[in-house]
Amino acid sequence: MKAFYGMLVIFILCSTCYISVDSQIDTNVKCSGSSKCVKICIDRYNTRGAKCINGRCTCYP
């Protein structure tokens, strides 16, 4: 029974990681900081979740 709960926890963690990576939206907009991306993400995707990753804006719904 302990093995079942262990496998269930691993499955939930893997599913959450897969969904969170799949839900991000990469843009081709250059940025120098995450604060520059917020307006772009609000205008294009209606979300405030934004990060500047590798010089490009990434939006999170």
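Cβ from N, Cα, C; glycine included.
The structure displayed is predicted, hence computed values, not measured ones.
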Original post:
Can you tell which of Cys37, Cys41, Cys59 Swiss-Prot lists as bonded to Cys57 through a disulfide?
Top reply: Cys37
Original post:
If you look at what Swiss-Prot says, which of Cys31, Cys52, Cys59 makes a disulfide link with Cys41?
Top reply: Cys59
**OP:** Filter the recorded positions Gln24, Cys31, Lys51, Tyr60 down to the ones within 10 angstroms of Cys37 (disulfide bond), Cα to Cα, kept in sequence order.
**Re:** Cys31, Lys51
Subject >> Rounded to the nearest Å - Cα separation of Cys31 (disulfide bond) and Cys57 (disulfide bond) >> reply: 6
Original post:
Near Cys41 (disulfide bond), which of the recorded positions Gln24, Cys52, Cys57, Tyr60 can be found within 10 Å, Cα to Cα?
Top reply: Cys57, Tyr60
Subject >> Structural state of Cys31 (disulfide bond), classified by DSSP into three states >> reply: coil
**OP:** Measure from the Cβ of Cys57 (disulfide bond) and count the other Cβ atoms within 10 Å, all protein chains considered.
**Re:** 23
